[in-house]
């Protein structure tokens, strides 16, 4: 089945979700809304991307609509989500990627325009969070607004799930070495709530907070209260890496842990958890669609109960693909219940 989808917010994630949708067999984008971009500029921004290259396809503007690979995509510029006429386009599933409407109450505004479900492409304080490969099977169709969690949670959770299922995690600390994002500054500037975050993104390694590790406890209840973490924002434009240092319940050699992750990457988590023994660096994974790519050669073990595991993620491309995978999963569930 093909799901008709609308996107609200045509920023980094909105546009990368759109690019991924062109390749996704289950999804058709029929409408986009962004109050800050007019259609001609949206065409330009979708066509040319400094990180992911030129769009592989055709894009034109016809009146106020985009024509992408010959198909019409309605383009709206509404500031109020409840005013977007999703019903007119047939869009039942909405990707909420503004970064502004991240609570159930705010994102529910889309339902007034005819949307059936809203998937927030960010963590949410109150909407149920789902991570593909980890807890999507707990979806029961009751919530009209759900969250795809964060890119870092999507990287960490599959890794933590395999390790916890096989060996048990007593406790763990996560560090994500994260590429800079749109919220940061090109040169030093005001950032009242996060002084360090206001420093020049391309000049500094910037310690930062992240709720990604604690959020794993929401998608894997067994790990609730057992993980926390922090971030370093670094001067790279895309691709990030998670370092999970954890204490294991059952003793296991590093080789045994590697084997378990390799098996999962070829089995139940294929397409979500990748595995590599190559001598890779971050740019090698630009455009990788996995949520998490375990780097077998980068991790270390102090003893059979204390281990550091390293896993990469394209924080734009891989995450955006999961947004669509979750959306597709939810639509299929809804159609059969």
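Glycine too: its Cβ is placed from the backbone N, Cα and C atoms.
D-glyceraldehyde 3-phosphate binding, as stated in Swiss-Prot, involves 150, 151, 152, 210, 211, 233; the candidate among 104, 181, 186, 276 given for that site is 181. Residues near residue 152 (D-glyceraldehyde 3-phosphate binding site) in space but far in sequence (CB under 8 A, at least 6 apart, same chain), listed by position: 176, 178, 210, 212, 231, 240, 242, 313, 315.
Shown in sequence order, 122, 123, 210, 211, 212, 215, 319 are the residues of the chain, 6+ apart in sequence, with a C-beta less than 8 angstroms from the C-beta of residue 150 (D-glyceraldehyde 3-phosphate binding site). Around residue 151 (D-glyceraldehyde 3-phosphate binding site), the C-beta neighbours below 8 angstroms that are at least 6 residues distant in the chain are 240, 313, 315, 316, 318, 319. Between the alpha carbons (Cα) of residue 13 (NAD(+) binding site) and residue 233 (D-glyceraldehyde 3-phosphate binding site) lies a span of roughly 18 Å. Counting only same-chain residues at least 6 apart in sequence, those with a Cβ under 8 Å from the Cβ of residue 233 (D-glyceraldehyde 3-phosphate binding site) are 178, 179, 180, 181, 184, 197, 201, 204, 205, 206, 208.
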